[in-house]
Amino acid sequence: MTTLKITPAKLNGSVCVPSSKSMGHREIICAGLSAGTSIVDNISMSDDMEATLRCLTALGIGFQKVPSERSGRTALAINGSGNVRVSQSTVDCGESGSTLRFMIPLGALCGEPLTFTGHGKLVTRPLQAYYDIFDRQGLSYTTASNGYLPLTVNGVLKSGDYELPGNVSSQFISGLLFALPLLAGDSVLKITSALESQSYVDLTLSCLAKYGIVIEHENYYKYHIGGGQKYRCGRNMVEGDWSQAAFWLVAGTLGRQITCTGLNRDSLQGDMVVTDIINRMGGKITCDAEGNHTASSASTNGVVIDAADCPDIIPVLTVLAAVSEGTTEIINAGRLRIKECDRLAAMTSELNKLGAAVTELSDGLIIKGRPEGLQGGCVDSWNDHRIAMSLAVASLVCKKAVIISGSECVQKSYPEFWQDFTALGGMIKTVGTGESI
Ligand SMILES: O=C(O)C1=C[C@@H](OP(=O)(O)O)[C@@H](O)[C@H](O)C1
Ligand SMILES: C=C(OP(=O)(O)O)C(=O)O
């Protein structure tokens, strides 16, 4: 485990944000399901993207790295056959919920046993929505106790009527939307409770459409999925990641000025709402003609933030709230408890260690702002990339150093995070084992 000591410093400068992890997963899955070769350019590699690539291999889909046409990042040539088959009996999904939930229905097209393993919190993250479908269809599967990983699926999904809850994870909906068009018959998918993370369903539908898959829906609650469809190869670029930009836009608001490049101002990513939220709090985020977004230093005030459609930006917005004038209420955030860690508990515990005043509710947070700043101290990442990156941003407003243990977890989505943090003026030192802090 790596421990970092961050000496408080105001960050300043420009950063090219990684490409979208959510869109990257979707692109390489759709490319892998097409017959022929697709190029997906501008992929930011991370542990989660590696996990999805391992799944493609297990499903008999080939890929190779090729020179990028327009970015300095990875471009992948992905060779699919238009369908899936089990080419490896076990696949490790790492800690990636998206990977696991997108791949299970594809594994359940193969008609041969395929075992999904994972690590950390992924082992216990909810999968019941799929088990209910398998039970209804009589599809054979086994799990460790309590439905935990490893999960082995062994059977073929049947076309027809499907139901899913809308408030556990939209990743189940995306997973079925990838797989059901490949069945011979038509399917209808109904969402039986309030839909959260709807923007992620939009990302799925838009990627499917790019690859030639037609799905009609009635206001996101009923999806009509024609069977016998074929994915069509493509050449696509992945745009910048708004969830990652959020860290820098909060850091710019708390620091001097930070410009994020590589972003699409017309993005379908729900986390783009971070600009509206920061501006609503009194921040100063502007956008130029190229879509570069600049956050300038500003004094901010508390607001109500609805987490239903943007769960991933809540930890870093909690940091901004912690030093804003007045009170911030985070609502509809119960789902944050079933991510890489319990993010409501983690942000409450770790920010309060730094001197913040955060109160945890069952599905939200109340944050009493301390505009005078925080103290600093020793905190833990809870092995969650978004907690580690949020605590790094919190260091900007601390009087004393912030020591973060478990800082290596940023590998999950943003391996270059600490390099970028340093390039913007952050002062980081690795603390060796046994070294006093
Ligand atoms: O589909 C996706 O790419 C994601 C959906 C969201 O999860 P939920 O739908 O479980 O909220 C989000 O938190 C996750 O980081 C990525
Ligand atoms: C929750 C996240 O990812 P996943 O659900 O794919 O593990 C995340 O990246 O914050």
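Any Cβ shown, glycine's included, is placed from N, Cα and C.
Residues or ranges marked as domain 'Enolpyruvate transferase' in TrEMBL: 8-420.
Classification of Gly97 (phosphoenolpyruvate binding site) by DSSP places it within a helix. Here Gly97 (phosphoenolpyruvate binding site) comes close to Leu122, Arg125, Ser169, Gln171, Lys339, Glu340: these same-chain residues lie at least six apart in sequence, with C-beta atoms under 8 angstroms from its C-beta. If you look up TrEMBL, you'll see Lys21, Gly97, Arg125, Gln171, Arg343, Arg386, Lys412 marked as phosphoenolpyruvate binding site.
There are 26 other CB atoms within 10 A of the CB of Asp312 (active site, proton acceptor), with all protein chains counted. Positions annotated as 3-phosphoshikimate binding site by TrEMBL: Lys21, Ser22, Arg26, Ser169, Ser170, Gln171, Ser197, Asp312, Lys339.
Asp312 (active site, proton acceptor) falls within a helix when secondary structure is assigned with DSSP. Sequence annotations record features per position, and here TrEMBL assigns active site, proton acceptor to Asp312.
A mean pLDDT of 97 is what the model gives for the domain 'Enolpyruvate transferase' (8-420).
Across the structure, Ser170 (3-phosphoshikimate binding site) and Asp312 (active site, proton acceptor) place their CA atoms 13 angstrom apart. Of all the binding-site residues listed (Lys21, Arg26, Arg125, Arg343), Arg125 has the fewest other CB atoms within 10 A of its CB. Taking the Cα of Arg386 (phosphoenolpyruvate binding site) as the reference point, the closest of the recorded positions Arg26, Ser197, Asp312 is Asp312. Residue pairs drawn from Lys21, Gly97, Arg125, Gln171, Arg343, Arg386, Lys412, the listed phosphoenolpyruvate binders, are separated by up to 19 Å at the Cα level. The most crowded of the binding-site residues listed here (Lys339, Arg386, Lys412) is Arg386, judged by how many other CB atoms sit within 10 Å of its own CB. Counted over every protein chain shown, other Cβ atoms within 10 Å are most numerous around Ser170 among the binding-site residues Ser170, Gln171, Ser197.
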